[in-house]
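Worksheet: the structure to be examined is printed underneath.
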Amino acid sequence: MTSLTGLALLLCVLASQSWAARVQKTLRIAWEKGAPNGQSREMIFTNGVFPGPELIFDEDDDVEITVHNDMNRNTTVHWHGIAQEGTPWADGVIGLSQQPIRPGESFVYRFKASPPGTHWYHSHERMTLVDGLHGAFFIRPKRDMKDLWSKISNDPKDIDAMSKAALDPKLMVLSDWSRFTSEEYWKAIEDSKLLLFCVDSILLNGHGEVYCPPQEFLVNQTQWGPQHFTFPDQNVTDKGCFPAVEEGIQGPWVNQSLPEKIPAHIQSGCVPSAGSNYTVEVDPADGWVSMNFIAAASNKQVDFSIDEHPMWIYEVDGNYVQPHKFVAAAITAGERFSVMVKLDKQPGRYTIRLPDSGATQVISGFANMVYKGAEHVSPPTKPYVTYGGLSGRPETDTESYAPYNISADYMPPWPANPPAATADEEYLLVMGRAGSSFQYTMNTNYLYPMDFKADRPLLHYPNQTVGTEDEKLVIRTKNGSWVDLILQVAVLPGDGAAFEHMMHKHGSKTWRIGNGAGVWKYKSVAEAIAAEPESFNLKDPGLRDSWLTMFSPVPAGGYWSVFRYQVTNPGPWLFHCHFELHAMGGMSIALLDGVDVWPQVPEEYAVRHHPSQGTQTLAATPNASKPWYNGMLNFMQAVLGILPGQGSEELRR
């Protein structure tokens, strides 16, 4: 009887469990010739394709992905957006969660497929993301989403159609592409001492072309702001590139530049190609389609739209939001926007327009959305956005998503999920260029090398002092605490204009609870909220893993933002700018969350000891001459009341 009772209890327990499937995948990373935009170059293929294969799972699947490095250089793979709850060793960051995967070696990543939604995977080894190591990653949700769809339409047919579309989305990987490899591009920057950010193509799912419109057309398509404030006495090049030798772009370091070192075809010398544009087929019988856009771009902000088809953004960075209707949306490096599109127009071929938003270059990519059975029909259309990212219709000005427009950026989580009213720990990070046009800091002066601690990942040494200078690159937090990260931009010497920074936190999402203009002058966030409550939102702020800092081409005395999160997932997590050029220039910091309850690392992920194969473990780099550094000390003490790499006691409590 006792055994039967025990068996019955066991069966009840088993019946209540949600069994997760174990799903295994293999990725082979290779360096080969390719021509995604019609121009041949060396690049990275994953399983023989670019972008890498789509990885699709169900929520809470136990994922096991074996990565084989068939290249002649190091690599890792980061699973961007995956929570990595309890598996920080699978995050794929050299020097934090693992050593590099060396040539000929393999690495097994094991983690839970969570949270549901749209994510992606990419290299986290220097700038090789832009060489092609990236792909889409999608997790189908368990939950019934009908309440979400009812906010778009109350028609039961529409709700059913959207439910189906969300589980079988069209994954749309956006990337920018250059004829130069990442190493060649960075060498051009170092040799010329100029920040270069011009590309040849914008691709969708690995397809695109090089367009060379007449220069007069490009000049007429240039956004008014950059033209008048950033380079008022010059024009864009025949590639649509902003002029490289311009103080409004390079800052005071333009006088140190060597423009003759810029290789041909980076800034000018447009060569058209015969590539091919991507076509996505949709079935009008389905009623709706979900297009999930992934910004795998290195430094471009793409203003995507579909001619004649408004769209509803319902998911941002793998987090469901209150749906918002737009006709165009600007998406920036690292972000993911999932949109619902109603298929109710005349069947035919409609252009998907993919221009740079106008903040870095006059360039566009194109693709096609084709109604099934109407491939050869081209209904008359009028674009929402033009080649240069300008408004093509009146509604574009009022119904577009622009991250600088705080009202348009109001997309609170669904269901509601507000943060705590107060924080336990606060850290001020003063960000910007430090000592040159292409070196970037997150901590006033110190640069985070891309190979920092490559052979001694901080996962294994969370409480060990990493060196006097290196300590400026590390923040340690306690488990369960609420943390505020205060980001200050456009106040460092020579960096008065607020350039974009796409800030991505690994390991957890953050709420953006506040924005403001000027220099951060408060001893705490609580004091700031009391002084200017209109600058904060604690009721229903947005929740994302990637946020864009404020942008202004005109020096305005600085801008600040406050991001809040709770430490619930102990581990070493990178916080960095997702513009590859800025990260390569040093704009990262290590957040060692929950050092008081650090997880036990499985034996299979222990540090390996072997001769170096081209990997360097570099120290933090103070990048300034002594006079500049002394000036910075005086500035930080007088204006912000803190020293570089430090916070006031109130900020570090």
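Cβ atoms here come from the backbone N, Cα and C positions, even for glycine.
Annotated signal peptide per Swiss-Prot: 1-20, in sequence order.
The feature N-linked glycosylation site is assigned by Swiss-Prot to N74 (among others), with sequence analysis given as support. Look at N74 (N-linked glycosylation site): DSSP puts it in coil. Within 10 Å of the C-beta atom of N74 (N-linked glycosylation site) sit 22 other C-beta atoms, taking all shown protein chains into account.
The annotation N-linked glycosylation site is assigned in Swiss-Prot to N220 (among others) on the grounds of sequence analysis. Neighbour density for N220 (N-linked glycosylation site): within 10 A of its CB lie 14 other CB atoms from the protein chains shown. Mapped onto three states, the DSSP output places N220 (N-linked glycosylation site) in helix.
What Swiss-Prot lists as N-linked glycosylation site is N235 (among others), and the listing cites sequence analysis. Cβ-based neighbour count (10 Å, all protein chains) for N235 (N-linked glycosylation site) stands at 15.
Feature annotation from Swiss-Prot assigns N-linked glycosylation site to N255 (among others); the stated evidence is sequence analysis. Cβ neighbours within 10 Å of N255 (N-linked glycosylation site), excluding its own Cβ and spanning all shown chains: 10.
Cβ neighbours within 10 Å of N277 (N-linked glycosylation site), excluding its own Cβ and spanning all shown chains: 17. The N-linked glycosylation site annotation in Swiss-Prot covers N277 (among others).
The N-linked glycosylation site feature in Swiss-Prot is assigned to N405 (among others); the stated evidence is sequence analysis.
DSSP assigns N463 (N-linked glycosylation site) to coil in the three-state reduction, placing it in neither a helix nor a strand. Long-range neighbours of N463 (N-linked glycosylation site) (same chain, six or more residues apart, CB within less than 8 Å of its CB): R476, V595, W598. Sequence annotations record features per position, and here Swiss-Prot assigns N-linked glycosylation site to N463 (among others) based on sequence analysis.
Non-local neighbourhood of N479 (N-linked glycosylation site): V567, T568, P570, D593, G594, D596, V597, each in the same chain, at least six residues away, with C-beta under 8 Å from its C-beta. Swiss-Prot lists N479 (among others) with the feature N-linked glycosylation site, giving sequence analysis as the kind of evidence.
Swiss-Prot lists H501, C577, H582 with the feature Cu cation 4 binding site, giving similarity to another entry as the kind of evidence. H501 (Cu cation 4 binding site) falls within neither a helix nor a strand when secondary structure is assigned with DSSP, and so counts as coil. Other C-beta atoms found within 10 angstroms of the C-beta of H501 (Cu cation 4 binding site) number 26, with every protein chain shown included.
Summarising the annotation, Swiss-Prot assigns Cu cation 1 binding site to H504 and lists similarity to another entry as the type of evidence.
Reduced to three states, the DSSP call for H578 (Cu cation 2 binding site) is coil. The annotation Cu cation 2 binding site is assigned in Swiss-Prot to H578 on the grounds of similarity to another entry.
If you look up Swiss-Prot, you'll see N623 (among others) marked as N-linked glycosylation site.
Counting in whole angstrom, N74 (N-linked glycosylation site) lies 20 from H578 (Cu cation 2 binding site) by their C-alpha atoms. The CA atom of H501 (Cu cation 4 binding site) is located 7 Å away from the CA atom of H578 (Cu cation 2 binding site).
H582 (Cu cation 4 binding site) counts 30 other C-beta atoms within 10 Å of its own C-beta, drawing on all protein chains shown. The recorded positions near H504 (Cu cation 1 binding site), taking a 10 angstroms Cα-Cα threshold over the set N235, N255, C577, H578, are C577, H578. Listed in chain order, the residues near the Cu cation 4 site other than H501, C577, H582 are M431, Y440, E500, M502, M503, T549, H576, H578, F579, A583, M587, each with its Cβ within 8 Å of the site Cβ centroid. Taking the Cβ of H578 (Cu cation 2 binding site) as reference, residues of its chain lying under 8 Å away and at least six apart in sequence are, in sequence order, T332, A333, G334, M502, M503, H504, S546. Per Cα geometry, N255 is the residue among the glycosylation sites N220, N235, N255, N277 nearest to H582 (Cu cation 4 binding site).
Each residue contributes its Cα atom, and for N277 (N-linked glycosylation site) and N220 (N-linked glycosylation site) those atoms are 25 Å apart. Take the Cα of N235 (N-linked glycosylation site) and measure to each of the recorded positions N220, N255, C577: the nearest one is N220.
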